[in-house]
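*Asks:* Structure provided below as structure tokens; questions to follow.
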């Protein structure tokens, strides 16, 4: 039988955005710790001792590379919020519009590069691996910037902009074409005055498996869909092993990912939050470092004086 908290994660395995925590007020009080520290020297002591580090990343780290977050007052594509388009219902209703939205996102990401935060994580992972220590990255992002930075041990829990899934045969495939199909060339402009292209469904991305030709969809987790149970089990395993957790650029409001770090903290494991602002989970963590991840992470993850040179 799986551990109790993986069962609990499954209960919350539908993707929600902007919802208040389902944890009761009484439980919140029990989980709340003293005000988190911003003492980098103290964090570095924890970092030097850690053998199995888990990094949980969200949209904030990629925003520093110029990737739109689709959150807050400016979080619109044309007149739509991401929550309006990133659903199975929206795709069934208007696959052309949804593919325009994702084509725009693919094109934006293909023109961006990993920032100093991504690179610091990847370099730290490679360096500690040579020392027999582990760094695992669990990301909510679908932009593959961690992968582009060189991160190897990576769990992309919400999928990838650069993978497709056939709605007929179910095959998942990598796809880095630009544009992904000829009909989307020059489409997807985010301006509110732009009219939908109204691309016929037969001209949208199609499956290339022999004898199929089914309509493709982005291989991402949409609002209202379940996360892959196999990935959640991998996440559960890594969180159970970790002795230091970093929460990087995440708002801590999207479930089930918002539960991961507080659960680790409840076991007494040090958790450090790196973000531009505080979040609903900040008070549960031992450390909080405010500012751009590209500034705070390189200092936090730099080689410690106790590390062996390799």
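Any Cβ shown, glycine's included, is placed from N, Cα and C.
OK, Swiss-Prot features for this one:
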TRANSIT   1-36  transit peptide
DOMAIN    37-307  domain 'Deacetylase sirtuin-type'
BINDING   58-77, 140-143, 249-251, 275-277, 293  NAD(+) binding site
BINDING   102, 105  substrate binding site
ACT_SITE  158  active site, proton acceptor
*Asks:* May I ask for the distance between residue 70 (NAD(+) binding site) and residue 102 (substrate binding site), taken between their Cα atoms and rounded to an integer number of Å?
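*Replies:* Given the Cα positions, residue 70 (NAD(+) binding site) is 12 Å from residue 102 (substrate binding site).
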*Asks:* On a simple 10 Å Cβ count over all chains shown, which one of the binding-site residues 66, 249 is most densely packed?
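*Replies:* That would be 249, with the highest Cβ count within 10 Å.
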*Asks:* Within the domain 'Deacetylase sirtuin-type' (37-307), what mean pLDDT does the predicted structure show?
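*Replies:* Averaged over the domain 'Deacetylase sirtuin-type' (37-307), the predicted model reaches a pLDDT of 96.
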*Asks:* Quick one: of the recorded positions 102, 105, 158, which has its CA closest to the CA of residue 66 (NAD(+) binding site)?
*Replies:* 105
*Asks:* Under DSSP, is residue 66 (NAD(+) binding site) helix, strand or coil?
*Replies:* coil
*Asks:* Find, for the listed binding-site residues 62, 140, the residue with the lowest Cβ contact count at a 10 Å cut-off, counting only other Cβ atoms.
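*Replies:* Sparsest of the binding-site residues 62, 140 by Cβ contacts within 10 Å: 140.
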*Asks:* Using a 10 Å radius around its CB, how many other CB atoms surround residue 58 (NAD(+) binding site)?
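*Replies:* Its Cβ shell of radius 10 Å holds 25 other Cβ atoms.
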*Asks:* Compare the Cα of residue 249 (NAD(+) binding site) against each of the recorded positions 102, 105, 158 and report the nearest.
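*Replies:* Sorting the recorded positions by distance from residue 249 (NAD(+) binding site), the top entry is 158.
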*Asks:* Given the binding-site residues 70, 102, which one is most crowded in terms of C-beta atoms within 10 angstroms?
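*Replies:* For the binding-site residues 70, 102, the Cβ with the most other Cβ atoms within 10 Å is 102.
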*Asks:* Rounded to an integer, what is the Cα-Cα distance in Å between residue 276 (NAD(+) binding site) and residue 105 (substrate binding site)?
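*Replies:* That comes out at 23 Å between the alpha carbons.
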*Asks:* State the count of C-beta atoms found within 10 angstroms of the C-beta of residue 105 (substrate binding site), not counting that atom itself.
*Replies:* 22
*Asks:* How far is it from residue 105 (substrate binding site) to residue 140 (NAD(+) binding site), counting Cα to Cα, in Å?
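*Replies:* Checking the Cα atoms of residue 105 (substrate binding site) and residue 140 (NAD(+) binding site) gives a distance of 15 Å.
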*Asks:* Count, for each of the recorded positions 158, 276, the other C-beta atoms lying within 10 angstroms of its own C-beta, and report the residue with the smallest count.
*Replies:* 276
